[in-house]
Amino acid sequence: MADSRDEPLVLGIETSCDETGVGVVRGTTLLADAVASSVDEHARFGGVVPEVASRAHLEAMVPTIDRALKEAGVSARDLDGIAVTAGPGLAGALLVGVSAAKAYAYALGKPLYGVNHLASHICVDQLEHGALPEPTMALLVSGGHSSLLLSTDITSDVRPLGATIDDAAGEAFDKIARVLNLGFPGGPVIDRYAREGDPNAIAFPRGLTGPRDAAYDFSFSGLKTAVARWIEAKRAAGEEVPVRDVSASFQEAVVDVLTRKAVRACKDEGVDHLMIGGGVAANSRLRALAQERCEAAGIRLRVPRPKLCTDNGAMVAALGAEMVARNRAASDWDLSADSSLPVTEPHVPGQGHPHGHPHGHDHVHEVSKENLYS
C-alpha cells in the first residue's frame, strides 16, 4: 500500500458509538491506542443510549487525546495530519469527535481527514499484518454492521457485495444475551458460555442460505426470533434453559453463515485474502471456523487482535496515514458528521484541494500552535 519511505505520523479520533478512541500511528506502525469506554454506563439500559454516549465523549475527549500523545511519545506539533470518523454511526457521538478533530487540526495548522468507520475497520489490519493486499475481501461484523466488502484501494475504492437486510450479527448477540439474562454487551459473554456448550444441541435456522437467496446478504432477525421463542417455550413449560447449549448453538448458526458466505465471495471474486474486522471478529468461534474454512479453500485469513477489532482510534489513524501517504485530498473545515456515510466513500475530501492542504499556515495558526503546544 503506502511507500515504505513515507510513514506519516497521524492521530485518529473515533466516536461513532460508545468508545472514545484516540490512536497514533506512524505509517503502518501503531504507536498508541487509548480508549475510554462508556459501556458500563449503558449496561443498565441493555444497549447504547445516544445521549449518554455523546456526553461521555465530551468528558473523555481531551484526556484521551493527551493520553494517546503521551503514550506515543510524540508532540502534537509533529503530526502530519489528524483523522476522524465522519460516519456512519450515532449522529451526536460522531459530532463530538468531528468537532474535536477540527479544533485540533485548525489550531495546529494540520490537514484534517474525515474518514469512513467501516473502511477504518479494514485498514486497521495493516497495523497487525502489514500492507493490505489489493484486492482484499473484508467481512465486517459488529453491533451495527454485517457486511461483505471488496477493497481494491482502501482510500478510494471499497465496493459492497452484501450486507444484513435486517439485524446485524452483534445486535443479535446482544438480544439473545438479554433473553438469557447474561447482561450487556452480549458478544463476549455468549462466547464464554458457548465454549462449554454443544453447538449441535439445537438446530437453529440459518437465514438467507437457500439456493434462491441473495448470495452475500445476511439476515439474523429470524434466527434471533427463533432462539427467543425456543427459550420462552422452555420457561413456559417450567423447564430449565440450557444456557451453554443455547449460546453455543446460536453462536454456531451465526458464524456458520458469516464464514460460509465470506469464503464463497472470495471464490466467486477470485480473491485469495479474507480480512475479518469489527467487534464480533473478536469472537473465538468465528476466528476458528473462518481459519478452518479458509485453509480448506486456499484463502489466507487476516484477523487483527481482538483489541483492534472493536472500535478504536488506531484504525482511524491507520486510514488517515494511508490518505496522507497517497496524497488524498484533505477535508474542508465545514466537514460534518454523516450518520449514514456509505462505505463507497472511504473519506470525505474537500473541494479544490488536491494536495490535501485545505488551509494555509496563517498567523492565527502559528499563534495557536505556540499557545497550545509550546
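Positions of Cβ are set from backbone N, Cα and C atoms, glycine also.
The structure displayed is predicted, hence computed values, not measured ones.
Pulled from Swiss-Prot:
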BINDING   His117, His121, Asp311  Fe cation binding site
BINDING   Leu140, Val141, Ser142, Gly143, Gly144, Asp174, Gly187, Asp191, Asn283  substrate binding site
COMPBIAS  337-352  compositional bias 'Low complexity'
REGION    337-374  region 'Disordered'
COMPBIAS  359-374  compositional bias 'Basic and acidic residues'
C-beta crowding around His121 (Fe cation binding site), within 10 angstroms: 33
Neighbour tally for Gly144 (substrate binding site), based on other Cβ positions within 10 Å of its Cβ: 21
Residues close to Fe cation site centre defined by His117, His121, Asp311, Cβ within 8 Å: Glu14, Ser16, Thr85, Gly89, Leu118, Ser120, Ser142, Gly277, Gly278, Asn312, Met315, Val316
Residues that sit under 8 angstroms from Leu140 (substrate binding site) by C-beta distance, when 6+ apart in the chain: Leu118, His121, Ile122, Ser146, Ser147, Leu149, Ile276, Gly277, Gly278, Ala281
Sequence-distant neighbours of Gly187 (substrate binding site) in its chain (C-beta under 8 A, six or more apart): Gly143, Gly170, Phe173, Asp174, Ala177, Gly279, Val280, Ala282, Asn283
Other C-beta atoms that fall within 10 angstroms of the C-beta of His117 (Fe cation binding site): 27
Distance, Gly144 (substrate binding site) to His117 (Fe cation binding site) (CA atoms, angstrom): 11
Asp311 (Fe cation binding site): tally of other CB atoms within 10 A of its CB: 27
DSSP-derived structure type at Gly187 (substrate binding site), helix or strand or else coil: helix
Within the compositional bias 'Low complexity' (337-352), residues counted as helix, strand or coil by DSSP: 0 helix, 2 strand, 14 coil
Integer Å distance between the CA atoms belonging to Asp311 (Fe cation binding site) and Gly144 (substrate binding site): 11
